[in-house]
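What Swiss-Prot records for H335, H380 is active site, and it gives sequence analysis as the kind of evidence. Under the heading domain 'PH 2', Swiss-Prot lists 489-523, 895-931, citing sequence analysis as support. Annotation comment: Swiss-Prot describes 550-657 as domain 'SH2 1', evidence class sequence analysis. Marked as domain 'PI-PLC Y-box' by Swiss-Prot on the basis of sequence analysis: 953-1070. Residues or ranges marked as domain 'C2' by Swiss-Prot: 1071-1194. Taken from Swiss-Prot, the feature N-acetylalanine covers A2. According to Swiss-Prot, the phosphotyrosine annotation covers Y506, Y771, Y775, Y783, Y977, Y1253, on the basis of similarity to another entry. Swiss-Prot lists S1221, S1227, S1233, S1248, S1263 with the feature phosphoserine.
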Amino acid sequence: MAGVGTPCANGCGPSAPSEAEVLHLCRSLEVGTVMTLFYSKKSQRPERKTFQVKLETRQITWSRGADKIEGSIDIREIKEIRPGKTSRDFDRYQEDPAFRPDQSHCFVILYGMEFRLKTLSLQATSEDEVNMWIKGLTWLMEDTLQAATPLQIERWLRKQFYSVDRNREDRISAKDLKNMLSQVNYRVPNMRFLRERLTDFEQRSGDITYGQFAQLYRSLMYSAQKTMDLPFLETNTLRTGERPELCQVSLSEFQQFLLEYQGELWAVDRLQVQEFMLSFLRDPLREIEEPYFFLDELVTFLFSKENSVWNSQLDAVCPETMNNPLSHYWISSSHNTYLTGDQFSSESSLEAYARCLRMGCRCIELDCWDGPDGMPVIYHGHTLTTKIKFSDVLHTIKEHAFVASEYPVILSIEDHCSIAQQRNMAQHFRKVLGDTLLTKPVDIAADGLPSPNQLKRKILIKHKKLAEGSAYEEVPTSVMYSENDISNSIKNGILYLEDPVNHEWYPHYFVLTSSKIYYSEETSSDQGNEDEEEPKEASGSTELHSSEKWFHGKLGAGRDGRHIAERLLTEYCIETGAPDGSFLVRESETFVGDYTLSFWRNGKVQHCRIHSRQDAGTPKFFLTDNLVFDSLYDLITHYQQVPLRCNEFEMRLSEPVPQTNAHESKEWYHASLTRAQAEHMLMRVPRDGAFLVRKRNEPNSYAISFRAEGKIKHCRVQQEGQTVMLGNSEFDSLVDLISYYEKHPLYRKMKLRYPINEEALEKIGTAEPDYGALYEGRNPGFYVEANPMPTFKCAVKALFDYKAQREDELTFTKSAIIQNVEKQDGGWWRGDYGGKKQLWFPSNYVEEMINPAILEPEREHLDENSPLGDLLRGVLDVPACQIAIRPEGKNNRLFVFSISMPSVAQWSLDVAADSQEELQDWVKKIREVAQTADARLTEGKMMERRKKIALELSELVVYCRPVPFDEEKIGTERACYRDMSSFPETKAEKYVNKAKGKKFLQYNRLQLSRIYPKGQRLDSSNYDPLPMWICGSQLVALNFQTPDKPMQMNQALFMAGGHCGYVLQPSTMRDEAFDPFDKSSLRGLEPCVICIEVLGARHLPKNGRGIVCPFVEIEVAGAEYDSTKQKTEFVVDNGLNPVWPAKPFHFQISNPEFAFLRFVVYEEDMFSDQNFLAQATFPVKGLKTGYRAVPLKNNYSEDLELASLLIKIDIFPAKENGDLSPFSGTSLRERASDASSQLFHVRAREGSFEARYQQPFEDFRISQEHLADHFDSRERRAPRRTRVNGDNRL
């Protein structure tokens, strides 16, 4: 049974519950039930917990008891609810008799904001209980997503407040509030700032209630954004100041705004405007004939999804557009659908198929290999990716194929199976898919492919087909043999290389081909196991306290320790506003082996003794004799949850007071080291990740000096009171900061790895400093003044795609290597790439490549077509290598072999395996390759040239018959619409260009083509799909699991039609004269100009610890001649409600039928690098005009909660010379606006609608009709053109 969560495409699904039933369901779920939770971790046994729905926040929570919530998920993130034991979490306990729940008592919730969803696997006490949860949650899912924005804000505010107010006391401290605002991307400069903005404090404790918090939020949002250039704001703000609730926007004023500024034709109907306002506000006190907005509510509306720039009317499928042949559509297509991550070690998963199909994907791939018991398995052959059963995949496809869309699904079969297993495949196709499987043509007499409407709810097989009358035979393949295809590798897997600095062994991915050994940069040895990382066992529970921030060790002798503790607590609590119960623990000065708990209460520091004693040889800790703990950590943890009780008070331990000087004993800290001395030390450690921290001369200032990308860099750290600041990231201490960046990248991909001091230099330092790490020179010993810097030619690697804006610029893709770079001032460099010499490119789009290490003899000449692609670190020529096993092992590794090259004196590479068997197999195969390299390559080419096909499988192929691409057949009678061809992106690039693009488009008008990523994209990255789309390729297959720009463009393309997976290509592309790369060939299309101002944003996501400094990049992507991008300035330290200065951006578009408007929000970090925050991408033809919200999505194209931009956008047709037509949409809209203004001015003066006001109303009506006629005529001339000011219904 398919899960619920997405309505069936044909309207089927559970019937909607009645209002009374909904009320009963919500009450029952709010009370909650006890259910058994099955974990995804192998180490955790199933547990019974209380599950409840928190209606105020729209969350599911679970806990052992009533006091503490252990976990929660947002209902808005739920994608699907499945009845039964339909997750792997249940499978782990199949052999355990204690956990064999009835199928009917179980259900699974799938949720998340990424491609790979998380699971909540539950066992209820009865089938009725399961039905209650599924029915209730299904209703709540839809209701939560459809809720008006003010209600969503209310739920979000309560969620933030309750995350701090865990005891539900309806109060939080000012320190909690400051931390909370930081978490939502708003910088609070100091506590005074908060106190000035909060009113009605409870003076006794200084706590803040939810009402005060909500009012503060409303005030912060409005006061920060009242300066935006918006209708109503300028005059009303002058009148009301900081009090937006003193100014009301009436129904009539709001109606005029919708008509005059937004071009909303439906707003002519006053009753519709009234109905909209009531549904948006949902305020019982304003359910009156003349509802109104307060000024801040109007601004909230402008940022809301109800005011989206996207015309939601286009979300519906238009059946009339589904009658063309399949070859006239773009079809949403997935590559290696079964993978959840990279191409060499990730997990193959049934869930990946379900997820893709539910995202509207209509062409999925099955990579089939011979498996056990005569049935194929699916995985990425000859790699470490896990395997799934072919039969299980078919059942998953059957369940999910037509949930999101009823239009046909194409199964692209990559067949590596024997004849016998092919026959079993065919049998299972028929058995499992039944009537949905297409086995005969829709119309034998047709001269083209059938339409999506003709193939509704059908599944098509794409597979090679035999000639008529053959039982089986060898057929030619359309794919050339390549030893660089990882599927053709002789062996691949994880081996280990020793780090020459710390002598630890780190995993690398190795690939052995018929002539070479390739190995990757450091990778993860995890082979895609679905389990979460197992928690590490503590070395000893009695020592757990030593790493806690509240433990300060010995603070001083005698009473000094007491005085120091009192000073630390007093300074911390006064400066930060920390609440009562803030505490630290120190070693007792008086009683050896005991400790002292010092805490803050009512403005004073108090102390109590923590006793210790030995009990049967193990220490015990207690405050009172009747409650004893096994460790100091357990005691403190207990009193953080349960109050300390005495005659005078009850109080929980609340906030730990961090150590301020713990860094002084760390190996990386240097109290008196100059910048020059630090650089000299780091020059002797030629490894990225080497670092130290030094005290600077300025007060309360430090610096981290580190190596990254072969260079030495520095960044400042500032102590501000009790907080340590790195850029705009806050930490409690230097120790916390360093600990964080040992786990997370500090600069690009570099993590702090090797702490450097004199002792470390003696062990790992080189004799000669690497001066090239400090200056741009490459000659050791070459030393120059830092300013001016000499220019040296080097190589750089592209961080992003770049398309030339002028003839003297380079065009390149991400990861391209640009050679002979000459650095120039002004942010532009020159270099060689793609056969072009010394052209310009922006320097911030690239990073300089590090000098090749001595351990990589061929690093300078890396093969860009290697099977490891961008992951490649080194490559060795096997015939030139000698292999020797090291029987004694090396540095705690038992299974080690060495690779040496006689041609390179004194060079060898030590490689470790996980087992003796693995070592022997690698050594054996490498030696075999060394002896037979040339013969093996020839044999591989011969074997791949022809392939045997089973008749039973061939008979299932009706329309999608892959054949080698023959350019000579295009446009001739030999071209058959049932034949199709597949291309790796590298081969497709030979046809999607100015020379052959028009010819390839001609091919695609009749036949299907499928394009897929090149095999070297082992990181599952994607290519740019735009050139393939504009040349008519229908099946542009992408890695759906990868959150990159190509997938975001793919999601945008299929927005129209509600992600049904089929989008009709513009009629222009079916014009024989149309050339995809020549704008002069456009006929029947008017060019248009888009004018955009970015005004502000709300609720931007965070990226790491700091407050973001956002800027917005606006891009038009489409035909090559239309693509361009511009960007705003960045706003300092504000991701909650930033505002940008008014600056119009203009984009001229010649082909608006194939154009996308893309917004990307980046933050600029302390190194001036740009980091992705959010994005939104739309087809230009679906945009609305006026003051519009741009709802933002994450990199997986999932909606971010409440995140949006506010823009002012206008779209108008333009002649070639840029002049406006006198009857253009803009001119007509201006006339309509003038008529609207006159009408409202008359009504405002007189207050009634009498005969003498008939003329202004008639002028308004006529202008609106002219505007509508203008669009109708344009729609007739060019179907589905960009609407300038169409019926923009909310």
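One is the number of the first residue shown, and numbering goes on along the chain from there.
Here the Cβ of each residue, glycine as well, is placed from N, Cα and C on the backbone.
Applying an 8 A CB threshold to same-chain residues 6+ apart, the list for H335 (active site) reads E365, Y1012, P1013, A1037, L1038, N1039. Averaged across the domain 'PH 2' (895-931), the predicted model reaches a pLDDT of 89. In the three-state DSSP scheme, Y771 (phosphotyrosine) is classed as helix.
For the domain 'C2' (1071-1194), the DSSP-based tally of helix, strand and coil residues reads 9 helix, 61 strand, 54 coil. Looking at Y506 (phosphotyrosine) and H380 (active site), their Cα atoms lie 24 Å from each other.
Using a 10 Å Cβ-Cβ cutoff, H380 (active site) registers 25 neighbours. The modified residues considered are Y506, Y771, Y977; of these, Y506 has the fewest other C-beta atoms within 10 angstroms of its C-beta. Here the CA atom of Y977 (phosphotyrosine) lies 30 Å from the CA atom of H380 (active site). In this structure the C-alpha atoms belonging to Y771 (phosphotyrosine) and Y977 (phosphotyrosine) are separated by 64 Å.
In the domain 'PI-PLC Y-box' (953-1070), the DSSP tally of helix, strand and coil residues is 37 helix, 21 strand, 60 coil.
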